[in-house]
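K.L.:
This is the structure, below, for whatever I ask next.
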């Protein structure tokens, strides 16, 4: 007789830039959580759905937990903390190459108050020696009683199959929440805006920080050619940032558009014409009605 089907929700938490989105994208096999080496790139709870014949795991990729500096930061931390209560299992991801940080202390204090089992995932193990890894495991073991401690490399995929096996062992018997071929419950508009935002963050580096939102104004399909026309607006806080994003003779914006278009085409599997505008909206991160307009939901505060 075949084993009963299992399912459950898993939250991925950790300091900014420890590789949470990389891990989610490796497991799902498609780019659904924005990846960039800047802190604070994941803003909304992106759900990735991983389904096999035996089980379905719904992943929730939370924003990096950090002490908030403004309303947007406050919002992001609140989402992450609320998530702990809603899931069946928590992956707490740390970066082996940077070791124990003050941010980890902040997260561990929060995790200690939660009933949910926690897996400690030591990521980027390819960057440290086995001796240092053992020391790190011992250091974290003293801080908290983890359900499992699993060293991985999210980028290379090392030990990820073992992680999924341990995850399945911790799931309860449950239904298939999403159709088998569905990998995320985020509408396509949201993922398209995230792919554009990823390119802005990657290409402009520190010059344009997190004061960037992307709004998809419209998506139209040409019935004859099947080609999609997507109109998007990049929102920044200062006109100097607008200048940086547009670049000399529009070169930077052209680069952003070209790279984002390739990502969007591979996501949607169809040809895309992408038109991007840049707009200045002063201090949008501190104005609630703008946060709502740009996809941040008040109910999650």
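The first residue you see is number 1, and the count goes up from there.
Cβ coordinates are placed from backbone N, Cα and C, and glycine is handled just like the others.
Sharing the record's features from Swiss-Prot:
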type: DOMAIN; residues: 6-173; note: domain 'Era-type G'
type: REGION; residues: 14-21; note: region 'G1'
type: BINDING; residues: 14-21, 61-65, 123-126; note: GTP binding site
type: REGION; residues: 40-44; note: region 'G2'
type: REGION; residues: 61-64; note: region 'G3'
type: DOMAIN; residues: 204-282; note: domain 'KH type-2'
K.L.:
Just to confirm my parser: what is the rounded mean pLDDT across the domain 'KH type-2' (204-282)?
P.N.:
85
K.L.:
List the helix, strand and coil residue totals of the region 'G1' (14-21) as derived from DSSP.
P.N.:
2 helix, 0 strand, 6 coil
K.L.:
Going by a 10 angstroms cut-off between Cβ atoms, which of the binding-site residues 14, 17, 20, 125 has the sparsest surroundings?
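P.N.:
Per-residue Cβ counts within 10 Å for the binding-site residues 14, 17, 20, 125 bottom out at 17.
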K.L.:
Please state whether DSSP places residue 125 (GTP binding site) in a helix, a strand or coil.
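P.N.:
The residue in question, residue 125 (GTP binding site), is helix (DSSP, three-state).
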K.L.:
With helix taken as DSSP H, G or I, strand as E or B and everything else coil, how many residues of the domain 'KH type-2' (204-282) land in each class?
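P.N.:
Counts, helix then strand then coil: 33 helix, 27 strand, 19 coil.
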